[in-house]
Each structure stands twice: as C-alpha cells, then as structure tokens.
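Engineer: Please read through the structure below; I'll follow up with questions.
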Amino acid sequence: MGARASVLSGKKLDSWEKIRLRPGGNKKYRLKHLVWASRELEKFTLNPGLLETAEGCQQILGQLQPALQTGTEELRSLYNTVAVLYCVHQRIDVKDTKEALNKIEEMQNKNKQRTQQAAANTGSSQNYPIVQNAQGQPVHQALSPRTLNAWVKVVEDKAFSPEVIPMFSALSEGATPQDLNMMLNVVGGHQAAMQMLKDTINEEAAEWDRLHPVHAGPIPPGQMREPRGSDIAGTTSTVQEQIGWMTGNPPIPVGDIYRRWIILGLNKIVRMYSPVSILDIRQGPKEPFRDYVDRFFKTLRAEQATQDVKNWMTETLLVQNANPDCKSILRALGPGATLEEMMTACQGVGGPGHKARVLAEAMSQVQQTSIMMQRGNFRGPRRIKCFNCGKEGHLAKNCRAPRKKGCWKCGKEGHQMKDCTERQANFLGKIWPSNKGRPGNFPQSRPEPTAPPAEIFGMGEKMTSPAKQELKDREQTPLVSLKSLFGNDPLSQ
C-alpha cells in the first residue's frame, strides 16, 4: 500500500484529505481512495504511475471522458477521483468533488477555444490525416486503432460483400498511401483475396508508369520528383514525400489515386465472392416483392458495369424476373413507374389477402364458364333458373331460400326430380303415360296367336261385317312396336 499511496505527500496530501466527497457531506478523501484508483486503472490497462503528475492525470481524464455516458458507476467514480487529484497537483483550491469537476470543465472549454482560435489564425483547416502543426507545417497523423478495428470487423463479418467497398471509401477518406497499406496489412484472413488485390495494384502501377514516363535530366532545385507507380503504392516513397505530393502546388493526389486502385481490386474480389449473376435473380412464387428487390439490388451492386447499364438492368430485369402476379401488376403500371410505385403496387402480393382474392376470381370464372355452357339448342347463352325458388340468375345449390320439399318438377312429394315420370318421353318423341302399362318401345309381353280366331270358324259367334271390323280397328289405337318401326329388317324375323 505504501507504493500506491506515495502519489501524494506533504502539503498535497493535506490538501487531498481536506476535500469532501460530496457537497455538504462529512466524508473526505483518504489514502485508500488513491489505492483504489490505482487498482482500477490497472483494470482499464492504464499506467497507475500517471497519477503522480498533473499531465498524467490530464491524459487519464482524456481517456475516460468519452466513456462516461455509457460507463458504469465505478468508471464515473474513477473519473471524479482523478479530477480531484489533478486539482491537487495544479494547486487549485476546491472544497468538494463537484467543484473540482466544474474546474476541469472550465479548463477544457478554454483549451477548446484556444485550438479553434489557432486554426482560424492559420487560415487553414486541419484535415485528417494531414494536419497542421504549431508552426503551420503539414504533418501526418496516423490512423486511429478504432478506425483500423472497424475496418477489420467489416471484413470479418461481411467477407467482401458489396457493402465492404463503401465502408472502405468512408474509412480511407483523405488517407495517405501509408495509411492505406496499413489498412490492408491488418486484414489477417482472406489471403487469396488480398493476393488478388496486390496483383491489381501492380497492374495499375505498371499502367501508370507507361502513361507517365520519367523526364530526362536533373530535377530543378526546390521541386519534387514525379511519383512512380511504386511511389503511389507506398513501397518506394516516404511519408514526407507523400505529404509533399498531396500538398504541393499543383498537388498530386497520390492517396486518392492509390485508393482508386484498391477499390478497383475490391470490385474484382466482391465479384468473385458473389458468383450469382443479376440474370439469375428471380422472384419466387410466394416471395414478397420487397425481399426480391433487396436481393436484386444487392447483386446489382456487385456487377462490374457502368451506371447506365445498371439503370437499364433495373428497368428491364426487375420486371422481367418477377413472378407472374407481380409482373402483371408492374406491366399495368407502365415503363415510367418509379420503384416506390412498384413497391406500393406489389405490397401484399403472395400474402393471405392476395391469395383469397385470386381464389375468389378463379372461382368466379369457373362458375361463369359453367353458366355459359348451359345453352338452349346451342343458340347462345341463356339465363339459368333455380328449381328451388323459381327465380333466375342462380342455381339451386346456391339458393338461399328454404329448401323446397318434394319433386322440383311436378311438385309432388314422395320422390325426387331425377325419379319423376311426369310427361317423360321416349326416344320416339311419344309421351309415356305411366298409368297405361309399359312404353311402346319395349317388346310386347303378349304373344302373337298362331291360329286364326275362333270367330272365323263359326264357333257359336256371329261373323262381323268388313265395315264394322274396319271401324273397330280405327277406334282401337295400334300398339307401337319395334317390328313396325324397322319393317322388313332381317334381324327382327
């Protein structure tokens, strides 16, 4: 404890033990608070020896302050303790922790105003990563570990998907070739992809050397040499030379040129990691239109084509590769429809509501077809009539009226319409009276006589005259038989 408590001694220790923890409270700071602060700094991988000086306390405050909004109570207590200790080192008279925090805030505001005033006096902004020093000279500021960590995390999570390219562009804005090489070197995996990227960079560097040959003769005094392809790639140039080219008059943006080469190589890598062609993106039968559009544009980002070609793909393939339901809707909108109009029109296609509507339309068409098939003598469609209620326009199976009892044809009970014999005709067109025996198109059950009647031989009966016999034959209706129909048919003999 002695080594940890040796941060303060003498008058500084007396001043430390007079400061209260809270305004109006009884508890005051003791040596145990210094011991606790040293242990907490070790947990945050900070050097406890920084507590011995005011500059060290200021560095600790700068590291802890960004995490105060989301930090724990222990982190806030550590920040408060270091703030009070800084006031003790600077011999700033404070009575409690709150007053010390106010002093720290005032000091930070003054420093911020001084920095802004200095930037205004120099007349130039401090653009990252090349900033102006106190003498107004451009100096290089290396990429922060947070930026490098964000880049590595994107590569590990996305595995060179299309969104890696805009992320790289955002993180490498204004970077020097040395910064760009650092971003490429921190990528641990995907070495095959990184080798492809190096090959692309070498090809572009060779093309640069071919288009920008070296001028013969010595370099004039005060001027810089022209950058070669390897200089732009950062392999044969120093940071000072890169800054000189980027800030010269006229400037040579070696950082932007190198970044453009890297993006070109990343496009090839993304194309390799995304083997699906835009021509293969088709909407599934039950896939929502929104998900289909998301897959379409994600694949479109990986296509190696100009913006005009991508616009043509969007206007043509987006409609052409949609499912039949969405395609009919999109074609009805016309060629000038926007994506918002397409998304709105196809919203809900494939869902329960759309399925029910399509099923209802299909059933309506089937019912209409069955109605059209009910024709009279093939003269055209006619209105159907319900056998239950007698009204036109619907069938008996769809009738809402109470079910009618008995036969729908004759109105009598005891049988159904299919068994009704009321005015039923045979194929000869003759009405079959159900109460007069069998129909005439059936073979007659009465056998034909083989001998003449008894009246002819005069067995006690009186002979009838031919006139009376003819009148009797006229009154008696002849029976219809198949024999009378077919005449001398040999099969009927």
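Using the three backbone atoms N, Cα and C, a Cβ is placed for every residue, glycine included.
Since the structure is predicted, the reported quantities are computational estimates derived from the model, not experimental observations.
Summarising the annotation, Swiss-Prot assigns region 'Interaction with host AP3D1' to 12-19 and lists similarity to another entry as the type of evidence. The phosphoserine feature in Swiss-Prot is assigned to Ser144. The region 'Interaction with host PPIA/CYPA and NUP153' annotation in Swiss-Prot covers 185-223. Residues or ranges marked as region 'Dimerization/Multimerization of capsid protein p24' by Swiss-Prot: 273-359. Under the heading asymmetric dimethylarginine, Swiss-Prot lists Arg382, Arg403, citing similarity to another entry as support. Per Swiss-Prot, zinc finger is recorded for 384-401, 405-422, and the stated evidence type is sequence analysis.
Help me see these features in their spatial surroundings.
Structural biologist: If one looks beyond the region 'Interaction with host AP3D1' (12-19) by at least 6 residues along the same chain, the residues whose Cβ comes under 8 Å of a Cβ in the stretch are 28-31, 34, 84-85, 88-89, 91, 94-97, 100.
Annotation note: Ser144 (phosphoserine) sits in a coil segment as assigned by DSSP. Sequence-distant contacts of Ser144 (phosphoserine), defined as residues of its own chain at least six apart whose C-beta falls under 8 angstroms from its C-beta, are absent.
Counting only same-chain residues 6+ beyond the ends of the region 'Interaction with host PPIA/CYPA and NUP153' (185-223), those with a CB under 8 A from a CB of the stretch are 148, 151-152, 155-156, 159-160, 229-230, 232-233, 257-258, 261-262, 264-266, 268-269, 272-273.
Restricting the average to the region 'Dimerization/Multimerization of capsid protein p24' (273-359) gives a pLDDT of 81.
A C-beta separation below 8 Å, combined with a sequence spacing of at least six in one chain, links Arg403 (asymmetric dimethylarginine) to Asn388.
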Engineer: Looking only at DSSP and grouping its letters into three states, which state does Arg403 (asymmetric dimethylarginine) belong to?
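Structural biologist: DSSP call for Arg403 (asymmetric dimethylarginine): coil, neither helix nor strand.
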Engineer: What counts of helix, strand and coil residues does DSSP assign across the region 'Interaction with host AP3D1' (12-19)?
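Structural biologist: Within the region 'Interaction with host AP3D1' (12-19) the tally stands at 7 helix, 0 strand, 1 coil.
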Engineer: Could you give the number of helix, strand and coil residues in the region 'Interaction with host PPIA/CYPA and NUP153' (185-223) as assigned by DSSP?
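Structural biologist: Helix/strand/coil tally for the region 'Interaction with host PPIA/CYPA and NUP153' (185-223): 22 helix, 0 strand, 17 coil.
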